[in-house]
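Undergrad: Quick one: the structure is below, and I'll ask about it shortly.
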């Protein structure tokens, strides 16, 4: 049952006035450019408005006749809404974490859980329904029943149908169409803007699986942002912006994996292939003659040829230990490496430890979300945990080592190892994919190539072949509409 228009109209208008609803041109986390942007986070600083929104959400649940024992807000914007609802109406609340903490109870759901009881999910905005489903799945794993979700605004992009296909009824206080109608009547927006928003919504609907179990029709891909455009996004890390700009300028998304054992060869590779690459990946612990002077020379070459240095250290210990490994010891990695990487197995402490050293030096980190070796355990929930950790520490983490795109946020970079011009593998379990497969089909940004170049008779010629193949795959991906 819809909320009475006399209550809805003033609420929509006030939300517009406090800039919860914005119109213009905005880049969404999917990379799409949208004429409307909805951001309700600011209402936490407006207690009266926060209470109004919470009350209208609760009334919507009552009007729908929903029976429930507890309430859980989708993190993070819906958490304060759920808190106000539960406090005002004396209802038990559950809090869902985005990731398990490495201390305390280590639980994903906090609060008194009674398996078999029904939990009502609260959300601020629904687009595809994915965030609601993630919360539903976590609650169901705790033995709770979830049948309904209440949302303030349904963007009408397929989320309701997607949730319905999973047995979840979505009840919206307001739809995007209703919001547009109210704001146009109040002369907050004109007919042209209403038309632009409606066209955008119609062209970007997320399809749910059919009830007969068949997969949804293939959705037409939308043109994504170029490297240059991604560099200018307000949420892009400064070092990621630098990398994206030099990639655009040099027309290269090739990272050379310089796994050599002699410093002289490392420097020769950097000098000869520097113009063809955007990054040079090192394994300094395999250099027989490592010195900090060598790294000083490498840093000078990186500056001359405009590429970044990525030390493939794969940190995987507790925070205090990785901090020391990064900052001191024989290699003093933080003093010369622009970027390092880390496993997520130890929990967020590994990032926090690296961050304490790297942030003041304007360094950055990649998280290992997937690996190119046969039998890798970096899949499924492990990959999801890596994405969640990156989002939580985006001031230091700039992306992932992965076999494909694992996050739709254009601010994050994806680097893929195990690339050769021909697919295949080696006797130690390394699996190879082509640049077209990795960049064009799997949505990665940068290919990491080692043996395909190092084993070639003419390394510069081989590097140029990989550079061109990867860049052409990127351009082809941009051209898809």
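Just so you know, glycine gets a Cβ as well, placed from its N, Cα and C.
Annotations for this protein, taken from Swiss-Prot, read as follows:
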type     : residues                                                        : note
ACT_SITE : 314                                                             : active site, for OMPdecase activity
ACT_SITE : 317                                                             : active site, for OMPdecase activity
BINDING  : 257, 259, 281, 282, 283, 317, 321, 372, 430, 431, 432, 450, 451 : UMP binding site
BINDING  : 257, 281, 314, 317, 321, 372, 430, 431, 432, 450, 451           : orotidine 5'-phosphate binding site
MOD_RES  : 37                                                              : phosphotyrosine
REGION   : 1-214                                                           : region 'OPRTase'
REGION   : 215-220                                                         : region 'Domain linker'
REGION   : 221-481                                                         : region 'OMPdecase'
Undergrad: Check the DSSP secondary structure of residue 451 (UMP binding site), expressed as helix, strand or coil.
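TA: Note: residue 451 (UMP binding site) is helical by DSSP.
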Undergrad: When the pLDDT values for the region 'Domain linker' (215-220) are averaged, what is the result?
TA: 41
Undergrad: For a quick check of packing: other C-beta atoms within 10 Å of the C-beta of residue 317 (active site, for OMPdecase activity), how many?
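TA: Taking all protein chains shown, residue 317 (active site, for OMPdecase activity) has 17 Cβ neighbours within 10 Å.
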Undergrad: If you count Cβ atoms within 10 Å of the Cβ of residue 314 (active site, for OMPdecase activity), leaving out that atom itself, what do you get?
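TA: Taking all protein chains shown, residue 314 (active site, for OMPdecase activity) has 14 Cβ neighbours within 10 Å.
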Undergrad: Cβ atoms within 10 Å, counted per site: which of 281, 283, 451 has the most, among these binding-site residues?
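TA: The largest 10 Å Cβ neighbour count belongs to 281.
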Undergrad: For each of 257, 321, count the other CB atoms within 10 A of its CB; which of these binding-site residues has the top count?
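TA: When each Cβ's neighbours within 10 Å are tallied, 257 leads.
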Undergrad: Tell me which of the recorded positions 257, 314, 317, 432, 451 ends up closest to residue 37 (phosphotyrosine) in space, Cα to Cα.
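TA: When the Cα distances are compared, 314 comes out closest.
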Undergrad: Let me know the most crowded of the recorded positions, choosing from 37, 432 and counting other Cβ atoms within 10 Å.
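TA: For the recorded positions 37, 432, the Cβ with the most other Cβ atoms within 10 Å is 432.
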Undergrad: Tell me the coarse DSSP state (helix, strand, coil) of residue 283 (UMP binding site).
TA: coil
Undergrad: Look up residue 317 (active site, for OMPdecase activity) in the DSSP assignment and report helix, strand or coil.
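TA: It is coil.
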